[in-house]
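Student: I grabbed these lines from Swiss-Prot:
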{"type": "REPEAT", "residues": "235-268", "note": "repeat 'TPR 1'"}
{"type": "REPEAT", "residues": "269-302", "note": "repeat 'TPR 2'"}
{"type": "REPEAT", "residues": "370-403", "note": "repeat 'TPR 3'"}
{"type": "REPEAT", "residues": "405-438", "note": "repeat 'TPR 4'"}
{"type": "REPEAT", "residues": "508-541", "note": "repeat 'TPR 5'"}
Amino acid sequence: MMAPPSQVQGRLSSSMNKSLALLTVTLLLGGCQSLIHKTPDGTPPVEDTAVETKAKPEKYGSFSEDSLYSLLVAELAGQRNRFDIALSNYVVQAQKTRDPGVSERAFRIAEYLGADQEALDTSLLWARSAPDNLDAQRAAAIQLARAGRYEESMVYMEKVLNGQGDTHFDFLALSAAETDPDTRAGLLQSFDHLLKKYPNNGQLLFGKALLLQQDGRPDEALTLLEDNSASRHEVAPLLLRSRLLQSMKRSDEALPLLKAGIKEHPDDKRVRLAYARLLVEQNRLDDAKAEFAGLVQQFPDDDDLRFSLALVCLEAQAWDEARIYLEELVERDSHVDAAHFNLGRLAEEQKDTARALDEYAQVGPGNDFLPAQLRQTDVLLKAGRVDEAAQRLDKARSEQPDYAIQLYLIEAEALSNNDQQEKAWQAIQEGLKQYPEDLNLLYTRSMLAEKRNDLAQMEKDLRFVIAREPDNAMALNALGYTLADRTTRYGEARELILKAHKLNPDDPAILDSMGWINYRQGKLADAERYLRQALQRYPDHEVAAHLGEVLWAQGRQGDARAIWREYLDKQPDSDVLRRTIKRLTGAETP
């Protein structure tokens, strides 16, 4: 155990003081490797402030014995993984000594630990105590940008620019993505100010283009990049130009741009990946498959690429190839759950029920667990194995209690979708015994109650949800629509739907409800307007049934029949459409 400062002071001679000072300086210079670069899990942390230019070595000043002792304790604490003590001591000493080396060390520790405020404070101390150190100025600029202090960040970034260092104007611009328009406008002015001094600086031009993109001005951003001959062939501006073209519905121009970029940068993964993804977006699946296969061949250790290739193969219905890549992922112990889930999907496509169930059963907790449980349940129910489905879900709830509520929801939904309404009701009731006030379970029970014509229970559950979450647009809309459709309480229905619409004005389901309440109240023109908006956003057979009914009520039977015919061709098993057509025309078909 280390002696307290008073005892240490009593034992130190002047020569020992010098030795201790040398030891501490050695620790300060070398400790960064032991504390920062050798992380607890053995992996080096990402260093945001890394640069190509070599900084001048910091000169350490003379420290008091108390400071030396505090710094030694910090280093020993770091070696024992007590990073909280190491950070605290270094921050205090950085503030006390104003020494560039101590400030840098404090900053590196804070950055590694994700201590944002300490990283900001110590980066500023470092930058002020080492005005000629470009690393320090860049660190301060980045931390200020992270803190939303963009104008101050620009000041420090300009110092880096003046020193011909590697700037991060792109990071500064990206960090402002979620800011308000006034802040972006001010930042754009700062960029323009610097561009007057450095009109051909590619980093500045790229940063400004990013800001213009975020400001909803893609045409100006694209023009800026295309007019900048100095950086138009660099990878980052090239990728931004591609994204801008796609956002402007000019993907046909983006493809040749990226293809030319591949020729210019054949070893750059980002360009080839952007090209492959754009091929997928344009539904050129065979070309995309070939491009992803080339990427996997070029970067054989990149399992993210291998997984993307497998998904493209699935989309292209290249089943055998998809299986090969998915099984490779399992063998490589990478994307294992996602691989099993997609192997299950593949088996379903090939009508191999046993293989599908086996693959879904191997998906562990994580992003693919619930989708796998849902598919497994659906497969069993379609095969008539209702009891087995219930047993598997019960076992899953027992083994993974954190997923219990979602598993009750899956069980009820799957049973309801497979015309097992009574069993769905029993499942949701069992869930509510365990979790009586869970809003998702209550909402689901309300939907099942409506199918059972138990409107009182439906309204009770939805009122409970709304009381707990007054701005729950889904619950407001569900209750409002049901009151409009199943009762004559149109005033209440309208109030609920209007509130939902105010909360979520572009939601197709809410727009459908707006159309329906207007129809119920005889406002046919408004009804048609809302229903057409809903159908444009979500081409759905139920919305088409509603729109056709409104057109029929307007005396536009031909238009109504055309809508019904179009959507009946798309979904011939739609009960809603067929009931509407039968009720209004007396015929089975329009």
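Placement of Cβ uses the backbone N, Cα and C atoms for every residue, glycine included.
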Student: With a Cβ cut-off under 8 Å, give me the same-chain residues at least six positions beyond the ends of the repeat 'TPR 1' (235-268) that come close to it.
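Tutor: Distant Cβ neighbours of the repeat 'TPR 1' (235-268) are 170, 202, 205-206, 209-210, 213, 218-219, 221-222, 225-226, 228, 274-275, 278-279, 281-282, 298.
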Student: Residue list, the repeat 'TPR 4' (405-438) vs rest of chain: Cβ under 8 Å, 6 or more residues beyond ends.
Tutor: 370, 373-374, 377-378, 381-382, 386, 389-390, 393, 396-397, 444-445, 448, 451-452
Student: What does DSSP give as the helix, strand and coil breakdown of the repeat 'TPR 2' (269-302)?
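Tutor: Taking each residue of the repeat 'TPR 2' (269-302) in turn, the totals are 27 helix, 0 strand, 7 coil.
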Student: When the pLDDT values for the repeat 'TPR 3' (370-403) are averaged, what is the result?
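Tutor: Within the repeat 'TPR 3' (370-403), the model's average pLDDT equals 96.
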Student: How many helix, strand and coil residues does the repeat 'TPR 4' (405-438) contain under DSSP?
Tutor: 27 helix, 0 strand, 7 coil
Student: Provide the three-state DSSP residue tally for the repeat 'TPR 5' (508-541): helix first, then strand, then coil.
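Tutor: Each residue of the repeat 'TPR 5' (508-541) counted once, the result is 28 helix, 0 strand, 6 coil.
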Student: Which numbers of helix, strand and coil residues does DSSP report for the repeat 'TPR 3' (370-403)?
Tutor: 30 helix, 0 strand, 4 coil
